[in-house]
Number of protein chains: 2
Amino acid sequence: MNEADFIAALRALPLHSAARGLADDCAVLMVGGETLVLTHDMMVEGTHFREGADMADVAWKLVTTNLSDLAAKGAEPVGVLLGHMLGSDDALFIKGLHEALRAFATPLLGGDTVAGKGLRCFGLTAIGRASHTQVPSRSGAAAGEGVWITGPVGRAMLGFEGASDHLAAFNRPVPRLAEGRALAPHVTAMMDISDGLLLDAWRMADASGVTFALDPVAIPVADPARADDCMRWGDDYELLFTAPADTALPVPAHRIGTVTARGEAPLQLGSTMLRASDRLGYRHG
Amino acid sequence: MNEADFIAALRALPLHSAARGLADDCAVLMVGGETLVLTHDMMVEGTHFREGADMADVAWKLVTTNLSDLAAKGAEPVGVLLGHMLGSDDALFIKGLHEALRAFATPLLGGDTVAGKGLRCFGLTAIGRASHTQVPSRSGAAAGEGVWITGPVGRAMLGFEGASDHLAAFNRPVPRLAEGRALAPHVTAMMDISDGLLLDAWRMADASGVTFALDPVAIPVADPARADDCMRWGDDYELLFTAPADTALPVPAHRIGTVTARGEAPLQLGSTMLRASDRLGYRHG
């Protein structure tokens, strides 16, 4: 099974209504009048980080990629559960974990520590409290609305390639928690751009049953000479969202396109129709 | 770092009050007037299951070992988040997952699916709702109380060794959810016996600052000729608990000893003082 087959098989299991049909990045669970947002991401050596990667960076990224999912829901972090496989550089892992928890005022709730013989594997469950209900999903974009992103894409790509100005963007991403909370009451759909702008925009448009017509010139990219790569690379963790076109946004953002009724394809980049999501960005599996 | 060092380092990080100082198997989180119980366990190939293990059994055990932690808190399952590394026999994994979720009326909330090149690694976060507050901990046992277990130990050991009558005990453990809910209002301390009766009893007595005086003849074991092995092997998932000696218990259980003021050691088995927890049971790390 590949990832898509596996997720399709999971959809046939008993799902909680909070799971949103496994079509979103988080579960949204009502508990005693409050709304919790739950997400779990794994990071595996050789897939999500290179062998020999700085374990402080790995721990930072494990925390912040999960918090980025909370940000896209306008949620504030309550705490995290850590799944940790022991190995080399565990003191560095603790250091990076501490830095991330402190930076985003997120305490540790618990977890599990295990021994393992192979490549390292870590998991993190982040729990947040929604600051605004209805909690944004991927599927609420409607024709006539605008499409925005909170910042440029491609910085993580340049950092991965070794550009010193952008190393932090790759190794130490910053979840847009404050922006997500400020935007949540205004947006009709929101997600973080973890797998690349074009792929994530395609997915949001597809989930919403509309077309996103993006203006390539309006998309802020870290390296204009490689605009296409910047739009396809992931790991940037800016927020992608839609809102009525005349919305007075509470935070700075870049208008990159317009939502239209569903046309030939979920995504249109300039005059190019992007029918399939293959090769638009990063895919696990 | 070994497991103990790593957990000690985690304790120096910002902890949520719900984390109970990382001294318990679950976090206990108050949300909007309700009490949630949260736990996360990982299973790694070569450590927690053998290469070539039936993936349906692995998935079952991933769910049920986490639900066993909820059982020890008297919590009823709300749902689970799955961290899954793709690999061989994923259809079997789905089958076992489905069987476990159905058997214990636990829906899927979400999770993550990743690719990996090495040994398989899975994680599961289980979320439960406490049926009784105060939620039992490990640390509430007091002198004069009785010590009980809900069933015999050693069945999983015999199943691991291939005894056909006990294969299910090893491959398909059953969390004592109903027993845990029934017992929660009556117990002063409770935990599941995942790492072996003697080690877990030592830990509970140590956390409570008391001594457990256990009567070896009273401990129900699956193979009386190997009573000592049965008390040290893990994976049985019966509940170990303490309560006032005259408590009318709501479920059948075996009285195996008495809580006394802290003596020379946390654990006394017959006339033997067990001062250190080394070699009492199964340790990860």
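Note that Cβ sites are derived from N, Cα and C of the backbone, with glycine treated the same way.
Predicted automatically and left uncurated, TrEMBL annotations should be read as such.
Straight from TrEMBL, the features:
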DOMAIN    B:24-129  domain 'PurM-like N-terminal'
BINDING   B:Asp25, B:Asp69, B:Asp192  Mg(2+) 3 binding site
BINDING   B:Asp25, B:Thr39, B:Asp69  Mg(2+) 4 binding site
BINDING   B:Asp41, B:Asp112  Mg(2+) 1 binding site
BINDING   B:Asp41, B:Asp69  Mg(2+) 2 binding site
BINDING   B:His48, B:Asp235, B:Tyr282  substrate binding site
BINDING   B:Gly111, B:Asp112, B:Arg138, B:Ser194  ATP binding site
DOMAIN    B:177-262  domain 'PurM-like C-terminal'
BINDING   B:Asp195  Mg(2+) 5 binding site
Count, for each of the binding-site residues B:Asp69, B:Asp112, B:Asp192, the other C-beta atoms lying within 10 angstroms of its own C-beta, and report the residue with the smallest count.
-> B:Asp112
Residues in the domain 'PurM-like C-terminal' (B:177-262) per DSSP class, helix first, strand next, coil last, are 31 helix, 23 strand, 32 coil
Measure from each Cβ of the binding-site residues B:Thr39, B:Asp41, B:Asp112, B:Arg138, B:Asp192, B:Asp235 to the Cβ atoms of chain A, and list in sequence order the residues where some distance is under 8 Å, or 'none'.
-> B:Thr39, B:Asp41, B:Asp112
Relative to the Cα of B:Asp25 (Mg(2+) 3 binding site), which of the binding-site residues B:His48, B:Gly111, B:Asp112, B:Asp195, B:Asp235 have a Cα no more than 10 Å away?
-> none
Taking DSSP H, G, I as helix and E, B as strand, the domain 'PurM-like N-terminal' (B:24-129) contains 31 helix, 45 strand, 30 coil
All-chain count of other Cβ atoms within 10 Å of B:Asp41 (Mg(2+) 1 binding site) | 24
Reported as an integer number of Å, what is the Cα distance between B:Asp69 (Mg(2+) 3 binding site) and B:Ser194 (ATP binding site)?
-> 9
Quick one: Cα separation, B:Asp235 (substrate binding site) versus B:Asp41 (Mg(2+) 1 binding site), in Å?
-> 14
Same-chain residues at least 6 apart in sequence with Cβ under 8 Å of the Cβ of B:Ser194 (ATP binding site), in sequence order, are B:Thr65, B:Ser68, B:Asp200, B:Gly234, B:Asp235, B:Asp236, B:Tyr237
Write out, in the order they occur in the sequence, the residues of the chain not among B:Asp25, B:Asp69, B:Asp192 that have a C-beta within 8 Å of the mean position of the C-beta atoms of the recorded Mg(2+) 3 site.
-> B:Cys26, B:Thr39, B:Ser68, B:Leu70, B:Ala71, B:Ala72, B:Lys73, B:Met191, B:Ser194
Taking the Cβ of B:Arg138 (ATP binding site) as the centre, count every other Cβ atom within 10 Å, in any protein chain shown.
-> 22
According to DSSP, which of helix, strand or coil covers B:Arg138 (ATP binding site)?
-> coil
At the Cα level, what's the spacing in Å between B:Thr39 (Mg(2+) 4 binding site) and B:His48 (substrate binding site), rounded?
-> 17
Looking only at the binding-site residues B:His48, B:Arg138, B:Asp192, B:Asp112 (Mg(2+) 1 binding site) has its closest CA neighbour at B:His48
Largest C-alpha distance in Å for the ATP site residues B:Gly111, B:Asp112, B:Arg138, B:Ser194, as a whole number, is 31
Say you check the Cα of B:Asp192 (Mg(2+) 3 binding site) against those of the binding-site residues B:Asp41, B:His48, B:Gly111; which is nearest?
-> B:Asp41
